[in-house]
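Trainee: Take a look at this one; I'll ask things after.
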Amino acid sequence: MRYNQFSYIPTSLERAAEELKELGFDLDLQKTAKVNLESFLRKLFFHYPDSDYPLSHLITKNDMDALSFFQSEQELSKEVFDLLALQVLGFIPGVDFTEADAFLDKLAFPIHFDETEIIKHIHHILATRCKSGMTLIDDLVSQGMLTMDNDYHFFNGKSLATFDTSQLIREVVYVEAPLDTDQDGQLDLIKVNIIRPQSQKPLPTLMTPSPYHQGINEVANDKKLYRMEKELVVKKRRQITVEDRDFIPLETQPCKLPIGQNLEIFSYINSYSLNDYFLARGFANIYVSGVGTAGSTGFMTSGDYAQIESFKAVIDWLNGRATAYTSHSKTHQVRADWANGLVCTTGKSYLGTMSTGLATTGVDGLAMIIAESAISSWYNYYRENGLVCSPGGYPGEDLDVLTELTYSRNLLAGDYLRHNDRYQELLNQQSQALDRQSGDYNQFWHDRNYLKNAHQIKCDVVYTHGLQDWNVKPRQVYEIVNALPSTINKHLFLHQGEHVYMHNWQSIDFRESMNVLLCQKLLGLANDFSLPEMIWQDNTCPQNWQERKVFGTSTIKELDLGQELLLIDNHYGEDEFKAYGKDFRAFKAALFKGKANQALVDILLEEDLPINGEIVLQLKVKSSENKGLLSAQILDYGKKKRLGDLPIALTQSSIDNGQNFSREPLKELPFREDSYRVISKGFMNLQNRNNLSSIETIPNNKWMTVRLPLQPTIYHLEKGDTLRVILYTTDFEHTVRDNSNYALTIDLSQSQLIVPIASN
């Protein structure tokens, strides 16, 4: 374990003493450090009628327990304080460590003993994470140190788990959206699942906009998947034009219906554990799936601003600007009289994507988004540089396939009976509009590009993204973060994992950092907290997070690739082609071992190479035919210890998100030896070699200069490492699988790898 503590707010002695007193710690500024420390330790053992017994189980030296120490005349020293601090945080002498000083250095322990600062040290210890993954104060509250009185209690700028999660209100309302996405002449209704504590105070809301939450249709999804085996189409030379079109909602009328009291209830919905954490701390949770999902009406428009509007309508309702009904019969309306109107959205992938889309509307009431692994341009999710390009792990998927997966109205037999014919018509229109034939950018994709509206974002934003996420690739967060207005508060966490959540990792206090931000933005708590704009997980060692200023630098280093002419054959034998098509992982294994059709260049680094931004391959290329696709991957190659990309469970249920509520495992990325790590990758239709909007011809056997931008990253290579460049054509995971008999030639003497370099 290593501490990377960003959430602690440095506190004055007077404020620390005041907060400790509010928690029931009987400390006195006039008493000695030793007396105050003993009083603190005894309070930790509030379950025991006699605190001598648990105190005797702590040690202060190899030959003395804590009870004996406090009964003695010995003075409090750094050695004693450090040993006791480690033990109350769950570290066991002789098991987790033998030499405390060395262990504290390894932990990067954030508290440094000063006898005159003992009150502040005690305050800091309570706000510091235990070995279990919870802060000490959260651990104590989870055991019942504070009663669940359904009121707010704060410590170090964070809300504590004092809301009763055994008596939650679970109810359903149906919000009227200014939409008619299925064109049936009726405004769409949006089902909203609400989970909230019983409280006399107006509650802020965490809203998870999740098209998955009302169920998914995997059968329809699998039937809709596309075959990737097809020839690369030769496109006509042309210029693509698109236009910015404002979304115009339909008109709605003020509701004059009576207020209803009898709401639909539910017992369970699949929840997000970060939401659960905040539910126990006085934040209502709502789950909304939007248009075209079970319980709602309308068509699944998948990514456009009509879909975004269906979530925006819910925020409008929370602020009294939209109508919600008790049921589809629309006999009674219901008001969000329990809400304070302030909303933060949460969730990963599609869920985080909807958060970004919502933020670009500038809707009042949306105070903050926490968007994890989020899409900012749907074209860049399903296409790349004029190519159909599947997200990692999902060859054959496209946006209309996702529509089939998430149009959960068809899971309700009655809805299927009444609406499937119209749904199929609209789905066919969507399939045509996305233009899988050419892979080109068009108006359909432009209408699903949130980057063009990034200037309208006014809420605080928090993004997390994995630099090994080849599903929602790093370009998605790179482009939105760099498009954000300079006037807003923004925070980016870049980790070394893949498409995963990070709130329950041991090495970073993400959960607590979000607590402070949400108390600021949604509860109006003045807490003087400042979180760095960007925090990056160091790839060279375990559990090390560093502050960074920018994602993407203008300083570059050009690396020569060699002097040879390299030939890349596109065609595979029939058996090999079928085998790779059946299992793209077999292709990846062959590619990284140098056994697939490829051109390979190894560069032995003579100095450190700190990459920050978008690597560009500038290549001199020619094709034997009038078509060609180019794929590239950059590897950190050679055996050494690296971070894995999937977090593993260190404990199974050590994190309690409330008071015995929604327990979850503590996780971390493993650090172990492997043979390589993908740093970046990229794909291009050579007909789009200049830009997305220009379709060029490819002259047979004529040299072309190509700039292939790869996925942005931050990655540190060290002197002596090998950087491997792999150039090839068909990628069996991502691109169309064209097995035609053409070849690309690369002139390495006229080619370079252009690397953005991080400054010291």
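Cβ atoms here come from the backbone N, Cα and C positions, even for glycine.
According to Swiss-Prot, the feature active site, charge relay system maps to Ser349, Asp469, His499, an assignment based on sequence analysis.
Tell me about the setting of these features in this model.
Mentor: The Cβ neighbour count for Ser349 (active site, charge relay system), using a 10 Å radius and every protein chain shown, is 20.
For Asp469 (active site, charge relay system), the same-chain residues 6+ apart in sequence whose C-beta sits under 8 angstroms from its C-beta are Ser373, Gly392, Gly497, Glu498, His499.
Using a 10 Å radius centred on the Cβ of His499 (active site, charge relay system) and all shown protein chains, the other Cβ atoms total 21.
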